[in-house]
Amino acid sequence: MALQVELIPTGEIIRVVHPHRPCKLALGSDGVRVTMESALTARDRVGVQDFVLLENFTSEAAFIENLRRRFRENLIYTYIGPVLVSVNPYRDLQIYSRQHMERYRGVSFYEVPPHLFAVADTVYRALRTERRDQAVMISGESGAGKTEATKKLLQFYAETCPAPERGGAVRDRLLQSNPVLEAFGNAKTLRNDNSSRFGKYMDVQFDFKGAPVGGHILSYLLEKSRVVHQNHGERNFHIFYQLLEGGEEETLRRLGLERNPQSYLYLVKGQCAKVSSINDKSDWKVVRKALTVIDFTEDEVEDLLSIVASVLHLGNIHFAANEESNAQVTSENQLKYLTRLLGVEGLMLREALTHRKIIAKGEELLSPLNLEQAAYARDALAKAVYSRTFTWLVGKINRSLASKDAESPSWRSTTVLGLLDIYGFEVFQHNSFEQFCINYCNEKLQQLFIELTLKSEQEEYEAEGIAWEPVQYFNNKIICDLVEEKFKGIISILDEECLRPGEATDLTFLEKLEDTIKHHPHFLTHKLADQRTRKSLGRGEFRLLHYAGEVTYNVTGFLDKNNDLLFRNLKETMCSSENPIMSQCFDRSELSDKKRPETVATQFKMSLLQLVEILKSKEPAYIRCIKPNDAKQPSRFDEVLIRHQVKYLGLMENLRVRRAGFAYRRKYEAFLQRYKSLCPETWPTWAGRPQDGVTVLIRHLGYKPEEYKMGRTKIFIRFPKTLFATEDALEVRRQSLATKIQAAWKGFHWRQKFLRVKRSAICIQSWWRGTLGRRKAAKRKWAAETIRRLIRGFILRHAPRCPENAFFLDHVRTSFLLNLRRQLPRNILDTSWPTPPPALHEASELLRELCMKNMVWKYCRSISPEWKQQLQQKAVASEIFKGKKDNYPQSVPRLFISTRLGTDEISPKVLQALGSEPIQYAVPVVKYDRKGYKPRSRQLLLTPSAVVIVEDAKVKQRINYANLTGISVSSLSDNLFVLHVQREDNKQKGDVVLQSDHVIETLTKTALSADCVNNININQGSITFAGGPGRDGVIDFTPGSELLITKAKNGHLAVVAPRLNSR
């Protein structure tokens, strides 16, 4: 029974106790979880599970090589201390099942290999035990798996958290909010088929029992420009395609839509309406079901779909120029659909799309728009309608997720777990206003991340009494100030340029930046750059040196996107909408508010500052997602792309902060439990304090003072090589321990098995002896009783039947019947029969008769028709000749033949003379004349009606059976016989004297054919026959030594025949 281990896809090593059973993946008696450090012995193949343990932690190449090794082994998760790094595998690794959830549930963070569920469980347990709000921050590039990670976290909490008292409604709504938000906020991009085009922060509220009771969602910076424009190879938001592909025919007809996405201008710009990896029809069913779960009524669903359809119709509004070059609407049919779907007046909408209302000195003026301005107004309206509807949708989901028990005592004791799914740092070939906002967001989060990480490290050092050493790191506050500082920051300058009177353009904004912040070390433009750098910067671009690297932004569109201008008359039109959702999205108070609305950048900055405050109030956990390649292929590791992401995610900076002090730290109890076998004084048990045991252990291992520090509850190890050496020593020690344990276990196991077998054998032997003894005693008792009854019955065997002799009589009868069964006659000729007892004489005779009849019946059923005819003829022969004719016994063993002459031996003329009469029997005979008794050869033929005597080809005599009066034959062994015919028949010459070699056969067949069995006469001495008219002949028979036939002197025919059988 050797020690067996197995490495499973999570990186976990499992020891198998029972070798013939499958490897157990969960904790229990059959499987023992080997802690996270166990994989260190395989670090050359699968890398280290915590980047903090990298020896060369400052090397980016070593960092990426460790990622590569783990990715090659399908180990997609790695830690940087408490931070989880996740690499998208682009395939299902089967590591998110309920079984995996249970494995990571309630287990200490470092007892299990890195996994998303380990972070989820650690956060949840901290929320339950410490009663402090928690936050999980998920970041990474588009396609790195942020959205999937969020869904897996929600799935983990939905499956493992206790159900709330009012059922699983909140849990279901939390899960079902995802497909709805993905439908309206996600789209297919070049990098990701399901890319989130907005930032999302979700709060999940838990009661004091740890059950989810409510939630709240905040959304950030929806990419609304995607509504009206998509790059080549990209799509609009999923909901448009899902509605067209999966919507019912009646719904599409009511909304005025066609199934073909190519019919809509807003859906064809990316030229990618169909995607093989996306099933819009199936997704539509999921979204429709989810809308029902999150409390959407049918009317609200109809209103929401009307708005989605109106955006598509709005994109198909076309304009034409009149004589004054002013725009006019030419798509009347689309306009009708828009007025019905949005619930607005057609004339009012037409005017709003082609005119701009300007208020000057208290007067309202309508200014006509040219074609370019009208198209801008149309697209601005589409973006405003969709983005405000998305905001309303988020609010609707929040109302559905809101706890219904806000007044109950448990509500006041709720804790909150936040999930932040935010865009990662973006650097494209062309970066615009959206990338500027996204990267600003990442700067703020990186600043928060470093700040909280340092704070966490410092607090742990102080708690353990370890001197805190200042950490050198890049403080990106200078970049955050560059963007957000009042009056001098980029956002302030952008807002100022948007608000100032006069002709403000994107280039004037750039010029103002150059004038205001030209001396900032992290800002550069074409004008400010040196001759060499100027070649890589356009005149309409500026460059920021972010914490993750340089990013060049093109200012084109900055002012328009920041203003997000919607003409007043368009707002008025939408405020008059009868669509309930639109009336909530466009509040009439906007029309009366004289204050200019905040710009997009300012709104984003304020919401971001609010988010930072929210995150600061919570205990953070971090998940950094990495995309391994742009082709979305499994097992492909693009080092250039990954190095880019490692840099922009700030992972190396994070590692440097974490490794500034000690690489490894563990509780004394855990460290002693793992490594106590390396020291004789601590093995197998340590009776004192764990801290003292660790002190003895590291003294035995020879740790140098600069390699470790002893805290209040933990040991801190500075260098990974110290831990690796300890782990390698443990692996060697384990081999010897395993051998000893195996030997002891085998001895114990087999001794126990032997003792069990011995006890079983003794038990079986005693039981079997008892059983045999009882059987023997019972048999003897039965035998004695039987003998006693037989003796009593034998004594009274002649008495009438009574209880005393009944058993004996029955035994005698049974014995006779059983003996009879064994000795029954084998055939009808067997006359043997057992002698019956006196009481069974009559029954024996009846049985004998029945047996004989049965055998005869069986025999008769078994014979063939030919054999039956043979037996019948033999029976007739026996009846006629038995005991009367001397040569009869010699004929018995010879079979009678159907005929002695073939058809070819009979003349055709004879056959022709007989006509249709069949010949039943033919035999050659010798005829003796009536006068001289001269022998002549003839043929005797039997037909159904006559005996015919033939000479060659001539019928000499025909004797009808009616005229045949008898047949005479002697009792000797001669073969002569006489056919007697009626004397009154003038046609006959007299009786016929014949001789046949087969006289018994011939006479038997003749008697049967003529039906004259009783007319055959067997004479002794002589036979008288009619020799002619008035004249008789005599044949005299005498016994002799040999056959002799002659004419005697007295004129008789003398026949001498030998005797073959004595009488």
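Every residue gets a Cβ built from N, Cα and C, even glycine.
According to TrEMBL, the protein carries these features:
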DOMAIN    47-731  domain 'Myosin motor'
BINDING   Gly140, Glu141, Ser142, Gly143, Ala144, Gly145, Lys146, Thr147  ATP binding site
REGION    608-630  region 'Actin-binding'
DOMAIN    885-1059  domain 'TH1'
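Structural mapping of features recorded in TrEMBL.
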residue : record           : Cβ contacts under 8 Å, 6 or more apart
Gly140  : ATP binding site : Ser86, Lys146, Gly424, Arg624, Cys625, Ile626, Lys627, Gln645, Leu649
Glu141  : ATP binding site : Arg191, Gly424, Phe425, Glu426, Cys625, Ile626, Lys627, Gln645, Tyr648
Ser142  : ATP binding site : Thr189, Arg191, Asn192, Ser195, Ser196, Tyr423, Gly424, Glu426, Lys627
Gly143  : ATP binding site : Asn88, Thr189, Arg191, Asn192, Ser195, Lys627, Asp630, Lys632
Ala144  : ATP binding site : Ser86, Asn88, Gly424, Cys625, Ile626, Lys627, Gln645
Gly145  : ATP binding site : Ser86, Asn88, Cys625, Lys627
Thr147  : ATP binding site : Glu182, Asn186, Asn194, Ser196, Asp421
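Distant neighbours of the region 'Actin-binding' (608-630): 67, 71, 82-90, 116, 119, 122-123, 126, 130, 132-146, 149, 191, 201, 218, 220, 416, 418, 420, 424, 440-441, 444-445, 448-449, 452, 636-638, 641-642, 645-646, 649, 651; these residues of the same chain sit at least 6 beyond its ends, with a Cβ under 8 Å from one of its Cβ atoms. Each residue in the region 'Actin-binding' (608-630) gets a DSSP state, and the totals come to 9 helix, 8 strand, 6 coil. Confidence across the domain 'Myosin motor' (47-731), taken as the mean pLDDT and rounded to a whole number, stands at 85. When Cβ atoms from all protein chains are considered, those within 10 Å of Lys146 (ATP binding site) total 27, not counting its own.
Taking the mean position of the Cβ atoms of Gly140, Glu141, Ser142, Gly143, Ala144, Gly145, Lys146, Thr147 as the ATP site, the remaining residues of that chain whose Cβ falls within 8 Å of it are Asn88, Asn192, Ser195, Gly424, Cys625, Lys627.
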